[in-house]
Amino acid sequence: MQTNNPSYFFRSESALQDEKRKEEKSHNPNGNPRNLKAKILNIELDRTTPKKKQFPRLFVCEASHICKLYDLEINKTCKTYKGHSGPVTCCQIESLRKDGKVRHIYTGSWDHTIKKWNVSTGECVETLIGHTDYVKCLLLLEEEGLLLSGSTDASLIVWDVSSQPSRLLYKLTGHSRGIECITRQPNTDIFWTCGSESSIRCWHITKVGGSQLEEEGFWGHQSNVYCLLFDPQDSEALWTASADKTVREWSLYQGIHEETRMEHPDVCTDVLTLADGNIATACRDEEIRVWDTTTGNVKDIYSGHYESVTKILQWKSYLISSSLDQTIRVWDLEYSADNNEADDHPSLGPPSTKLTAEELAELEELMND
């Protein structure tokens with residue numbers, strides 16, 4: 001292949017072919033894509049969305065340094081939370097307040113900080129400083145008035161967000177590398193974390209103190225673990241998604257269930273339990289898979305994204321996905337993947353980005369870690 005474009009001189013043939021493939025795939029209408037014009041790192045449901053709406057509102061964490069409240073039904077940004085100096089990786093949102101008090105959203109960022117925002121006005125109320133590297137995950141415990149944060153600095157911080165201002169209560173260490181995800185074991189004060197190592201660690205955390213339960217935890221993955229999720233239909237079952245190209249189910253008392261080891265062709269980025277008891281998974285190969293948990297086989301593959309899928313959520317009968325390709329797509333689970341391939345949707349133009357070349361390289365390195 002010959003070219004006069006200087007930007008192509010030091011790129012491999014395979015890289016150029018992949019870029020061409022992605023450019024061609026970027027015009028596909030599958031999943032009715034909403035192009036948000038920035039790489040999407042995370043999404044969370046706005047659980048105050050009225051049930052009568054067909055599609056929900058989402059809080060969207062972007063590499064463009066902002067978080068936004070986006071209405072999928074009208075394809076419109078309702079509010080923007082702007083103030084971070086780095087990509088926003090995660091967010092947690094307070095429930096609808098019945099006491100008349102202001103509702104808040106917490107966001108974590110590459111700028112090492114957590115910010116608290118007024119959901120309605122978009123005003124930044126305060127900035128929580130304590131981590132020394134990227135903040136990668138948050139977990140809000142509203143009843144206890146606590147916020148847990150995990151970071152690339154390998155620490156887990158417990159914050160008292162019921163006080164004014166919020167206070168750093170204590171910091172827990174034990175991971176050898178960054179923390180990617182925190183989840184709570186149902187009906188307990190036990191929490192599980194994973195990250196840029198193969199181990200899954202267990203902690204006892206309360207407002208007065210916390211510690212690692214070193215005799216607990218799981219060691220079975222061969223690489224980074226990106227997601228942890230307890231099965232709502234079985235509180236003793238923990239699902240994990242890993243860079244070793246597998247999604248696995250663990251029993252808290254029996255260890256790994258080899259029969260539910262789900263093999264993928266690339267890094268697994270997310271796992272979701274569906275209302276019907278099946279499992280959905282997101283992968284760096286750009287696909288979303290729905291698995292039959294009784295057989296361990298793939299039921300459907302939803303294809304449309306042209307970069308790594310970063311998050312999947314369920315709303316009613318719809319599966320919602322976000323991607324580094326800057327789009328959010330909606331898939332109807334009541335129909336097969338083939339019936340989610342539209343042929344009358346207007347094509348999208350090539351994506352744009354607000355990141356510098358250095359930030360893009362850092363983002364790609366982080367996502368591929």
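Each Cβ is built from the backbone N, Cα and C atoms, and glycine gets one as well.
What you are looking at is a predicted structure, and each value in this text was computed from that prediction instead of being measured.
According to Swiss-Prot, the feature compositional bias 'Basic and acidic residues' maps to 17-27. What Swiss-Prot lists as region 'Disordered' is 1-35. What Swiss-Prot records for 83-127 is repeat 'WD 1'. Feature annotation from Swiss-Prot assigns repeat 'WD 2' to 130-169. According to Swiss-Prot, the feature repeat 'WD 3' maps to 174-213. Per Swiss-Prot, repeat 'WD 4' is recorded for 220-260. Look at Swiss-Prot and you will find 263-301 tagged as repeat 'WD 5'. Taken from Swiss-Prot, the feature repeat 'WD 6' covers 304-341.
Distant neighbours of the repeat 'WD 2' (130-169): 86, 89-95, 106-110, 112-114, 116, 175-184, 191, 193, 195-196, 203, 205-207, 210, 366; these residues of the same chain sit at least 6 beyond its ends, with a Cβ under 8 Å from one of its Cβ atoms. Secondary structure of the repeat 'WD 6' (304-341) per DSSP (helix as H, G, I; strand as E, B; remaining residues coil): 4 helix, 19 strand, 15 coil. Each residue in the repeat 'WD 1' (83-127) has a pLDDT score, and their mean in this model is 94. Applying DSSP to the repeat 'WD 1' (83-127) sorts its residues as follows: 0 helix, 22 strand, 23 coil.
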